[in-house]
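Trainee: Dropping a structure here in structure tokens format, bear with me for questions.
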Amino acid sequence: MLFKQQALLRQKLFVLGSLAIGSVLYLVARVGTLDRLQPICPIERRLTPPEPEQIPLRTLQFKRGLLHELRKGNATKEQIRLHNLVQQLPRAIIIGVRKGGTRALLEMLNLHPAVVKASQEIHFFDNDQNYARGIDWYRGKMPFSFPHQITIEKSPAYFITEEVPERIFKMNSSIKLLIIVREPTTRAVSDYTQVLEGKERKNKTYHKFEKLAIDANTCEVNTKYKAVRTSIYTKHLERWLKYFPVEQFHIVDGDRLITDPLPELQLVERFLNLPSRISQYNLYFNATRGFYCLRFNIVFNKCLAGSKGRIHPEVDPSVVTKLQKFFHPFNQKFYQITGRTFNWP
């Protein structure tokens, strides 16, 4: 009985072996020679980047390394061609607001594997000389990216410059626009502090914030002072709404981005129709700096420049109160337009 079972097993193995050999011979016969057999997944298809929702975070290190070499000018034309890299016009722009946290927002969004950032502020739409150079010049300032990725740039001067909404509309009427705001009085003081630091570096004197923010003749808020004008968010937004529907704007809470960034970043991911990829792993609090820093992977971390988080000068409380009362009605209108409410005074 055992002998018959062994014989039957040998017979089955012989049949299976014959079928396998037959399959190989059939393939060889079709192609002509074994050396000419094509792989199941052609090289071209294997190099095609996956769709955004299929991007694994573990590919991030390789991609960032390659894109970093491109930014340094070290990548070859063959690498660019082989990986199908392109310079794309942005599909989203952080248009403002100055001192609202535009740099922090851009760097944090760059944690997402489907996002590539322009490292420098391009100032294409707000600078007449740059704008005259044309859209190809602008594209040439964009970073290399994979076709499925979204390029994002930030130039906070865009938000307050009159010509910009129409110029961006002419480039892409469906572009997504990001506005990051902070409590208006705090933002104005931060704006002043940055200018003050620049003056001090050049050994120049500068007026106190109170003297600039309050008109000495009327004792009212000085709306000619740029730092005050910039904080009247609704005035600038109304100009943008002449060209873009409110649905194409997303308002980011700059104050919350400092204290609890992940929920704000997840809202932006949804607005940009990106799969959720940024996690708490990518953000860690640096107690020395007092800010969240970025973790791209196990070996690459990044904190914002030391110039971020400057200590503000003390401002007369009565001036602060006056400014808060001045901004209040504009804030209420901003809430109504955008549908996002903040706990501002």
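Any Cβ shown, glycine's included, is placed from N, Cα and C.
TrEMBL does not curate its annotations; it predicts them automatically.
The transmembrane segment annotation in TrEMBL covers 12-29. Residues or ranges marked as domain 'Sulfotransferase' by TrEMBL: 90-334. For Lys99, Gly100, Gly101, Thr102, Arg103, Arg182, Ser190, Tyr292, Lys308, Gly309, Arg310, Ile311, His312, the entry in TrEMBL reads 3'-phosphoadenylyl sulfate binding site. What TrEMBL lists as active site, for sulfotransferase activity is Lys99. Summarising the annotation, TrEMBL assigns disulfide bond to Cys293-Cys303.
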Trainee: Do you know which of the binding-site residues Arg103, Arg310 has the most other C-beta atoms within 10 angstroms of its C-beta?
Mentor: Arg103
Trainee: On the 0 to 100 pLDDT scale, where does the domain 'Sulfotransferase' (90-334) sit on average?
Mentor: 94
Trainee: Would you mind reading off the Cα separation of Arg310 (3'-phosphoadenylyl sulfate binding site) from Cys303 (disulfide bond), to the nearest angstrom?
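Mentor: About 15 Å separates the two Cα atoms.
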Trainee: Within the chain of Cys293 (disulfide bond), which residues six or more apart in sequence place their C-beta under 8 angstroms from its C-beta?
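Mentor: The list for Cys293 (disulfide bond) reads Leu283, Tyr284, Phe285, Asn286, Asn301, Lys302, Cys303, Leu304, given in order along the sequence.
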Trainee: Rank the binding-site residues Lys99, Ser190, His312 by the number of other Cβ atoms within 10 Å of each Cβ and report the first-ranked residue.
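Mentor: Ranked by Cβ atoms within 10 Å, first place goes to Lys99.
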